[in-house]
Amino acid sequence: MGATAGLVLVLNSGSSSIKFQLVDPVAGPALLSGLVEQIGEPDSAIADHAAGLRLIHRQLSDSGIDLAAVRAVGHRVVHGGDLFYAPTLITDEVVAEVARLAELAPLHNPANVIGIEVARTDFPDVPHVAVFDTGFFHSLPAAAASYAIDHDVASRYGIRRYGFHGTSHEYVAGEVAAVLVRDLGELNTIVLHLGNGASASAVRGGVAVETSMGLTPLEGLVMGTRSGDIDPGVLFHLNRTAGLGVDKLDELLNRRSGLKGLCGVNDFRELLEQRAAGGASGEAAALAYDVYIHRLRKYVGAYLAVLGHVDAIAFTAGVGENAPEVREDALAGLDGLGITVDRERNRAGRGARIISADGSRTTVLVVPTNEELAIARAAWQFV
Ligand code: ADP
């Protein structure tokens, strides 16, 4: 394995899964990664997160990697509320606070807590570090973070824009500066993180000033199964006319909306295939695609205005990195605003790269995200 200073185990614990990567925070690439799924589900051999982590432990041992080289564990934690934004050394008090923040992220924080507790038992002698998905957006100015609702209600219940995918947005903004060989502090960048979940951010000099996700990851762009922006009045209307209660509405907007709601599939590759096949389902897929692109363009336009001057627009995550038609269509016809994607560059190449034309005032890039590496580097600070 060569002379490494040490490794970081990065864990992303969901309610029924644990994703892991073993990362050399100095060299970069992951040495090993994997996923344990169906934790606690009926008929599953993995009863709970403790069993899941034992399995990961075994995979790590079987790979021949010396576990003594694991010098820190980095945990992705979804919601840091107003309390946590910087990477935080995990103590009993921190665990208790993350658990308390479950009020804001009922699906995610409890699973994060379980993962942390199990891993602390399993790796008792190394620092465990929480890296918050909301952290990067702590800097949002009040004008961007505040919802225009009753001030007392908002402050009593912690209602504000928190933003998510922060680790990815921060990492990608940093990579943009590296690719352009520019100082991060002098760059204005729009980051478009387009995965199953999708979010946009406006970053001024390395500091986030606007983002599309809100109190929860439901707001903003069209996603695989989530609606993104919607008139809140739709909820009242459905409640009154269709009798849908809060749980049904939650399920409708989070699981049966977005691309899936519009055309039946949430996987972008399947959507493209369905659209190409034509027929009635092809038409539905074409509409889903158009809605997706339209929303994306709206956000790009909004963030151009928020930033005033934009040096770079970066596409990342599964769709952003792999679907050239999305990049092309989202920015088509914006030459007048100084944004010109080069057709050939957009369709060729791999890794972090520039895809705009030479004369384009704003540089357009594809930047593969790497949240695990960012978490590993953050955890490494505590070694
Ligand atoms: P997650 O939010 O789960 O991390 P990813 O960033 O992995 O998601 O993105 C998953 C999405 O990327 C899926 O919709 C998938 O279809 C899409 N995707 C992956 N590869 C391609 C591709 N070659 N073309 C179009 N979409 C792709």
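Sequential numbering from 1, following the chain as shown.
Backbone N, Cα and C define each Cβ position, glycine as well.
In TrEMBL, annotation is done automatically, which means it is predicted and not curated.
According to TrEMBL, the protein has these features:
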{"type": "BINDING", "residues": "N12, E371", "note": "Mg(2+) binding site"}
{"type": "BINDING", "residues": "K19, H193, L194, G195, N196, G197, D267, F268, R269, G318, V319, G320, E321, N322", "note": "ATP binding site"}
{"type": "BINDING", "residues": "R76", "note": "substrate binding site"}
{"type": "ACT_SITE", "residues": "D133", "note": "active site, proton donor/acceptor"}
{"type": "SITE", "residues": "H165", "note": "site 'Transition state stabilizer'"}
{"type": "SITE", "residues": "R226", "note": "site 'Transition state stabilizer'"}
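Shown on the structure are the features that TrEMBL records.
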{"residue": "N12", "record": "Mg(2+) binding site", "Cβ contacts under 8 Å, 6 or more apart": "I18, K19, F20, H75, R76, G115, E372"}
{"residue": "D133", "record": "active site, proton donor/acceptor", "Cβ contacts under 8 Å, 6 or more apart": "R76, V77, V78, H79, G80, F164, H165, G166, T167"}
{"residue": "L194", "record": "ATP binding site", "Cβ contacts under 8 Å, 6 or more apart": "L221, L296, F315, T316, A317, G318, V319, G320, A323, V326"}
{"residue": "N196", "record": "ATP binding site", "Cβ contacts under 8 Å, 6 or more apart": "M223, G224, T225, N266, G318"}
{"residue": "D267", "record": "ATP binding site", "Cβ contacts under 8 Å, 6 or more apart": "G224"}
{"residue": "R269", "record": "ATP binding site", "Cβ contacts under 8 Å, 6 or more apart": "none"}
{"residue": "E321", "record": "ATP binding site", "Cβ contacts under 8 Å, 6 or more apart": "F315, V366, V367, P368, T369"}
{"residue": "E371", "record": "Mg(2+) binding site", "Cβ contacts under 8 Å, 6 or more apart": "R76, T167, S168, Y171"}
Residues near R226 (site 'Transition state stabilizer') in space but at least six apart in sequence (CB under 8 A): G197, P217, L218, L253, N254, R255, S257, G258
Span of K19, H193, L194, G195, N196, G197, D267, F268, R269, G318, V319, G320, E321, N322 around ATP - largest C-alpha separation, Å: 23
Cβ under 6 Å from ligand 1: qualifying recorded positions of R76, D133, D267, V319, E321, E371: D267, V319
Where E371 (Mg(2+) binding site) sits in the secondary structure, as DSSP reduces it to three classes: helix
Densest Cβ neighbourhood among K19, R76, H165 (recorded positions), 10 Å radius: H165
Three-class DSSP secondary structure - K19 (ATP binding site): strand
Cβ packing number for V319 (ATP binding site), 10 Å threshold: 26
Mapped DSSP class for R269 (ATP binding site), helix or strand or coil: helix
